[in-house]
Amino acid sequence: MDIDPYKEFGATVELLSFLPSDFFPSVRDLLDTASALYREALESPEHCSPHHTALRQAILCWGELMTLATWVGVNLEDPASRDLVVSYVNTNMGLKFRQLLWFHISCLTFGRETVIEYLVSFGVWIRTPPAYRPPNAPILSTLPETTVVRRRGRSPRRRTPSPRRRRSQSPRRRRSQSRESQC
């Protein structure tokens, strides 16, 4: 079976694979971040969101994997075999967990649409030859908070901006009213 854990969230394993493996923080740092930001929601019996559910499952699976790793470490007597198992877990499974934890924590922190736009932007940036791309990669935290991803189809008609009108010297509204309307 070929199961993509990101599909229902609008992303794919391939989209996350554009990010280099050293991009993702350690599992310990990601678990600490999830705990600091979302402990109450993760421990709650209430359903919060699909991202919370996925994060809960990833955290539980990581715990089980660490239990297995401890068992292997205690019961596998050959040091070379033990090192191979630990290396495999850290390299392959560790990266998958780091990607999964990062994705769901980022979606909860920045919003799913922003994270997906970031992944697409980074994917475009990394595939563009160095001579033709900006020197710095996109950064997730600097993307606008209200990013609009346009659907394919008719593009909206562009309007030319109207010339600015000169303001009269006598204000029509009192200042206190204009401040209230900005909320």
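Keep in mind that glycine also has a Cβ here, set from the backbone N, Cα and C atoms.
S170 is the residue among S49, S170 that Swiss-Prot labels phosphoserine. Just one residue in S44, S155 has phosphoserine written against it in Swiss-Prot, and it is S155. The average pLDDT computed over the repeat '3' (170-177) stands at 46.
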